[in-house]
Amino acid sequence: MGNSFSTQEAVGVGRGRAGAGRDRQTLESLRSDRVGTSGTMGFSSELCSPQGHGAVQQMQEAELRLLEGMRKWMAQRVKSDREYAGLLHHMSLQDSAGQCRGNPDSPISQSWAEITSQTEGLSRLLRQHAEDLNSGPLSKLSLLIRERQQLRKSYSEQWQQLQQELTKTHSQDIEKLKSQYRALARDSAQARRKYQEASKDKDRDKAKDKYVRSLWKLFAHHNRYVLGVRAAQLHHQHHHQLMLPSLLQSLQDLHEEMARILKEILQEYLEISSLVQDEVVAIHQEMAAAAARIQPETEYQGFLRQYGSTPDVPPCVTFDESLLEEGEPLEPGELQLNELTVESVQHTLTSVTDELAVATETVLRRQEVVTQLQRELQNEEQSIHPRGRVQLLSKRQVLQEALQGRQVALCSQAKLQAQQELLQAKLEQLGPGEPPPLLLLQDDRHSTSSSEPEREGGRTPTLELLKSHISGIFRPKFSLPPPLQLVPEVQKPLHEQLWYHGAIPRVEVAELLTHTGDFLVRESQGKQEYVLSVLWEGLPRHFIIQSSDNLYRLEGDGFPSIPLLIDHLLCSQQPLTKQSGVVLRRAVHKDKWALNHEDLVLGEQIGRGNFGEVFSGRLKADNTLVAVKSCRETLPPDLKAKFLQEARDQALLSVPFLPSSLGALKGGGRQARATRHLSSSPSRILKQYSHPNIVRLIGVCTQKQPIYIVMELVQGKQRG
């Protein structure tokens with residue numbers, strides 16, 4: 001056994017390393033997909049620390065103050081040009097009124113008239129320049145300031161959201177899981193001590209039952225903790241290597257684009273306001289040279305040299321092995337797959353697979369949005385005037401948000417993919433066989449089954465079994481439940497549906513489903529939930545039927561009852577889930593020997609057996625008197641299986657009233673053939689071993705707890 005565990009551990013470690021390698025390759029490919037930085041320094045590599053975030057916010061505030069000052073200055077220039085143009089126009093009007101007093105034919109008058117006319121032209125030109133400044137550079141600068149303010153707000157919100165999600169996934173959720181893990185480990189250790197210290201059989205059974213429940217809770221929570229740690233690791237990597245750098249890179253790209261637009265605004269402003277005088281031309285040339293020196297690609301290099309710092313990446317979360325010091329022998333970072341957790345692992349895999357399909361669709365949908373926005377921006381950049389680029393800033397910010405949303409979706413997809421690989425690898429190790437039992441419970445089963453014959457001084461097990469079976473059936477007098485009024489079946493509930501098989505073992509489900517599309521509904525062992533089992537592509541698939549607000553659903557619309565849900569899926573041929581594509585085709589009916597609890601009316605207790613009490617009762621269908629043997633709900637699954645095995649034995653060895661009948665059953669050839677059928681289903685046993693001198697076994701109730709064995713009730717006389 002030790003060697004087999006070592007082999008499984010090596011396989012798990014190898015697959016874990018392979019998964020880590022795939023994660024690194026994925027991260028590298030995604031990192032190369034980001035918008036490239038300029039040069040060797042960039043926001044994404046130099047400003048990932050909290051200090052860098054603070055520096056970015058200060059820089060944004062400073063740039064906004066600068067832009068506000070530029071806008072006020074341009075507005076004042078527009079006002080001044082308008083006033084100057086108005087003064088020139090007023091001067092021209094005054095001079096036109098004075099020309100009537102001079103000689104129009106005088107050369108001086110003509111020259112002056114030309115001067116005043118050109119002054120009026122200069123007035124109109126300056127007025128036009130003022131309007132161009134107001135509708136052009138000043139309007140664009142106001143729009144640029146508004147977009148810069150929106151960018152500052154958007155960046156701050158996205159940065160805070162990334163930090164909150166990292167803190168929640170990497171710290172809060174993990175600490176909560178660890179706290180619950182420690183509590184469950186203590187409960188398991190305490191239950192184990194009580195179980196080991198129990199001396200009486202009754203106390204030992206109760207202690208063992210509590211120990212098994214604590215083990216199930218511990219193992220299930222261990223798996224949740226392993227998945228949580230894996231998700232936190234992936235989120236940690238995506239946050240520090242993709243999402244945060246991508247946010248900063250997008251911010252740098254937008255700032256550089258805004259710097260490029262500001263450069264164009266200043267150049268347009270200088271072109272409009274420039275005059276033709278030599279003195280003014282020289283000044284404007286200096287200002288134009290100053291504006292031309294703006295290089296958006298290197299605009300923030302000095303800022304980066306001043307405030308750049310090494311990214312402050314906290315250590316990644318790992319499995320806390322101290323949780324295992326007082327608990328069960330569990331492997332750190334490895335899922336536990338045994339008889340207690342196999343169904344929960346399968347259900348978790350189904351749920352994670354469905355969530356992964358949704359996450360993959362989200363990634364594809366967001367990638368389509370990004371591609372569409374990039375295509376639209378490229379087309380508009382080719383058609384729009386270069387100085388109209390400010391009109392595209394809003395769409396560029398939408399593209400940046402779409403890129404960030406894609407990174408978040410990729411992180412979610414990677415976490416679910418890693419969890420699915422862990423679950424699939426564990427189930428593939430199991431293969432088509434049964435999950436391994438718990439060693440402690442397996443040893444206890446052997447000791448329990450072997451101790452009973454020894455306490456009776458070596459009596460024949462068959463006779464003791466017969467004695468225990470009939471101890472509660474043959475009583476001198478007892479009261480029976482009154483006969484019932486038979487009513488027709490109308491609108492059968494779930495437990496009366498032919499395709500509902502109750503709490504049958506998982507192994508028996510695989511035997512019942514033989515063709516693709518065969519299905520049945522059963523009650524999950526160990527949990528109060530219903531499972532739809534379907535054979536698809538040669539393998540049984542299990543889907544948990546979700547229940548909320550008194551509605552039942554798998555994926556999509558809800559229905560007030562499970563029969564209505566199954567009828568809808570069967571009639572519409574709608575896939576159970578988009579990811580699986582499974583379609584219901586044929587219902588597998590339970591055998592007529594399988595009874596429902598509601599088919600019985602219990603009377604008073606008439607005895608006690610090895611597994612529970614024995615009651616008198618009636619069948620509602622025909623008022624047949626029956627004896628009902630119950631199986632206590634607190635018994636572990638292996639003893640419940642033994643209870644059903646006893647039903648099969650009872651079908652072969654039910655108590656006859658004639659000694660000759662016992663002798664007939666003890667024949668060598670017939671008994672050997674009967675023994676080979678002990679592992680068959682109860683229905684085959686009941687059909688093959690009906691005898692007139694044997695107490696007839698009517699059926700079994702396995703749809704819910706407690707499980708019943710229903711036998712014919714014979715009141716003190718020979719049957720038949």
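Glycine too: its Cβ is placed from the backbone N, Cα and C atoms.
Nobody curates TrEMBL annotations by hand; they come from automatic prediction.
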Based on TrEMBL, name the residue from Lys590, Lys629 that is recorded for the same ATP site as Ile606, Gly607, Arg608, Gly609, Asn610, Phe611, Gly612, Glu613, Val614.
Lys629
Can you tell me how spread out the ATP site is, meaning the largest CA to CA distance among Ile606, Gly607, Arg608, Gly609, Asn610, Phe611, Gly612, Glu613, Val614, Lys629, in Å?
14
Taking DSSP states H, G and I as helix and E and B as strand, how many residues of the domain 'SH2' (499-588) are helix, strand and coil?
18 helix, 31 strand, 41 coil
Tell me, how many other CB atoms lie within 10 A of the CB of Arg608 (ATP binding site), whichever protein chain they belong to?
14
